[in-house]
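First up is the structure itself, then whatever we jot down about it.
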Amino acid sequence: MTVHNDTVEQAAAQPELEQPYRELGLKDDEYAHIREILGRRPTDAELTMYSVMWSEHCSYKSSKTHLRYFGETMTEEMGSKILAGIGENAGVVDIGDGNAVTFRVESHNHPSYVEPHQGAATGVGGIVRDIMAMGARPIAVMDQLRFGPADAPDTKRVLPGVVGGISHYGNCLGLPNIGGETVFDESYSGNPLVNALCVGTLKVDDLKLAFASGTGNKVMLFGSRTGLDGIGGVSVLASDTFEDGAERKLPAVQVGDPFAEKVLIECCLELYKSGIVVGIQDLGGAGLACATSELAAAGDGGMEINLDNVPLRAKDMTAAEILASESQERMCAVVTPENVEKFKEICAHWDVTCAEIGEVTTGKHLIIRHQGEVVVDAPAGTIADEAPVYDRPYARPEWQDALQEFKGVEKQDLTVALKKLVASPALCSRDFITEQYDRYVRGNTVQSHHANAGVLRIDEETGRGIAVSADASGRYTKLDPNMGTRLALAEAYRNVAVTGARPVAITNCLNYGSPENPDVMWQFRESVHGLADGAVELGIPVSGGNVSFYNQTGEEPILPTPVVGVLGVIDDVHKSIGNELGLVEEPEVLVLLGETKDEFGGSIWQQVSAREQGNESENGLNGLPPQVDLANEQRLADFFVGNEGVTAAHDLSEGGLAVTAFEMAKRSGVGLNLDLSKVHEDAFVAAFSESASRVLVATTADRVDMLLHRAEECGVPAVVIGQTTDNGELELGGESIAVSELREAWAATLPDLFGHAVGANSVVE
């Protein structure tokens, strides 16, 4: 059957044909600019390409003006180890000895609300392909998840599906899930956040970039066939113009096949090893429209594509549909003519569908044909790189001052408060979630479950490895976006440092409400400045990132949620520092590093006590978040690198010292006796304040003096606050509670809520 296409010839002959550009997310002035670029109206296929590539997701048109600050602040020394940075599929860091590590975090928020399982699964698949496109082997994934209240009916629909999608896709790929975070808050009702992180390794010489160069070189599409799934994933594709009157539902959520991706990974690695790949791009958001325009725009010529050669799995697809499809597990590569057959042989070996769909040309135009007719003829750079950049209004919200007025917190008996905290949805066990993930597949996972950071061995001979952590606090960030983002950076940095790894690079995923809201844009700008300035203070670069806007339900935006990931390198993973206390014959001494202040703004105790008092809508959020001096984080990192006097270490964050002590003891059941008077004059502050730059460490009695001396040398405040005991009790300020009692309360909450979740993973109506 011949499909009706709107051709370039028809566009010139029918200049005033009405087009559904508003339905596709384009504004009047944007559409007018497209007509100006082309000198005519766009064809349906061209309109599709511009609409998806000029979408917020692909073009960063509302955030780009602020994201430039990362480049403006990065020093030459910081950038010296970056092999690929902001603007590439993923950041790549040179870690020495000819080796490199690449990592990135990406959002898949809206699809995961519509269809939780597939939305989350394809989020994992997409970030893995970003890593593959850099020439790397993916070695691990992590996730940052945000949902509405744990007891809300919609959370019971969304959470099991999201977790199932992540676990199914990651487990089938054979990639260990080495850590993550799950947070519940009213602001995420109707708009969950699903941020997936992937890390990969490669040789420096094997780095691949997304560009098409060399006139006459061939464009190869390989992987799964192209279908109707995912159309409209990054913009709105809802016009009958593109369907020629046919009545069919075009699902905006992609459908993933992890086994196809697993084979695609191995196929890519063999292609890289063969040395025949000139440039490569994965097909994710905006599909072939993105891959072809970006490859051509980044190269030294133009490109011609024949859509008749694209392997399809649906009949009668129009050119617009083929270009906008976000069918998963696809890659696009550029190879020299003499290597086409070798390319096809390798794909055939892995049973991967492959087709030659075009070639690199002279000039700067992207020309696309379908059924013998030209349906796209446009400068590639205008599609990929020249979306309008908006300097949207931003202003400090009128309500910010009132929000920052601290109203105090109710103080209760220490053990009573501690049990409430560990049993709360905010801090209770996530085993219900994490036990669905394979954490040790491939055999290189050193730390993951309940650890400060995921630790992986990357060299079996030397024991060299990496540590990765990702953190965020929407509560802190709403109170003070700049400081809240710095706190997320500080915690991720500290989590990596306490393993004994040296932090070397940063990635991020910035999740916010509508950029058309000046309040939101102020939050976003403050966060960008906090992260960029913080990176300079720590002396490590931001290697890449992602922005997700329009996260809101109605007019109510989510908590501003900057997810910050930090990568560290450790010389010998066998010497990495764990975070759990064991049962040993001789008591271990507990030392608190860092200074404790009366800081409860945005704290978990503030949230839990507010809910207890019936202030659920407010979540008790008020005051200023803890203040962080990133120089203190650097001193802590110096303390831990190469420190063999520490037997266990755990950073202090949500819930403060008491929660950290429980987390260190819960697995073994060992008792702890803590003298809170050494921490702060107020026992409640000592137990539950969330002051930054603090770590609880354990050491043997004969190494205490050495440890304290090293702390002094590094400029880190340190004080002995207690020791382990054999009575199984956690003793705090004259009160005590059994560790086993706390563990039972901690373990019961989520299974009780989700053990029989009705309607889990059902598609939203």
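Heads up, residue numbers simply count up from 1 along the chain you see.
Quick reminder: no glycine exception, Cβ is built from N, Cα and C everywhere.
Per Swiss-Prot, the features are:
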type: ACT_SITE; residues: His57; note: active site
type: BINDING; residues: Tyr60, Arg104, Asn508, Gly545; note: ATP binding site
type: BINDING; residues: Glu106, Asn546; note: Mg(2+) 1 binding site
type: BINDING; residues: Ser107, His108, Asn109, His110, Arg129, Gln254, Glu326, Ser327, Gln328, Ser548; note: substrate binding site
type: ACT_SITE; residues: His108; note: active site, proton acceptor
type: BINDING; residues: Asp130, Asp282; note: Mg(2+) 2 binding site
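Locations of recorded Swiss-Prot features on the structure.
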{"residue": "Tyr60", "record": "ATP binding site", "DSSP class": "coil"}
{"residue": "Arg104", "record": "ATP binding site", "DSSP class": "strand"}
{"residue": "Arg129", "record": "substrate binding site", "DSSP class": "helix"}
{"residue": "Asp282", "record": "Mg(2+) 2 binding site", "DSSP class": "strand"}
{"residue": "Glu326", "record": "substrate binding site", "DSSP class": "coil"}
{"residue": "Gly545", "record": "ATP binding site", "DSSP class": "strand"}
Just checking, which of His57, Arg104, His108, Arg129 (recorded positions) has the fewest C-beta atoms within 10 Å of its C-beta?
His57
Residues that sit under 8 angstroms from Glu106 (Mg(2+) 1 binding site) by C-beta distance, when 6+ apart in the chain:
Gly123, Gly126, Ile127, Asp130, Asn195, Ala196, Leu197, Cys509, Asn546
If you count the other Cβ atoms within 10 Å of each Cβ, which of the binding-site residues Asn109, Asn508, Asn546 comes out on top?
Asn508
Which of Ser107, Gln328 (the binding-site residues) has the most other Cβ atoms within 10 Å?
Gln328
For Gly545 (ATP binding site), identify the closest of the recorded positions His57, Ser107, Asn109, Asp282, Glu326, judging by Cα separation.
Ser107
Cβ within 8 Å of the ATP site's Cβ centroid: which residues qualify beyond Tyr60, Arg104, Asn508, Gly545?
Ile86, Val105, Thr507, Cys509, Leu510, Gly544, Asn546, Val547
Could you check the binding-site residues Asp130, Asp282, Glu326 and say which one's CB has the most other CB atoms within 10 Å?
Glu326
Surrounding CB atoms that lie within 10 Å of the CB of Gly545 (ATP binding site), all protein chains:
26
I want to verify one value. Collapsing DSSP to three states, which class is Asn109 (substrate binding site)?
helix
Could you check what DSSP calls Asn508 (ATP binding site) once collapsed to helix, strand or coil?
strand
Any idea what the Cα distance is from the residue listed as 'active site, proton acceptor' over to His57 (active site), rounded to a whole Å?
11
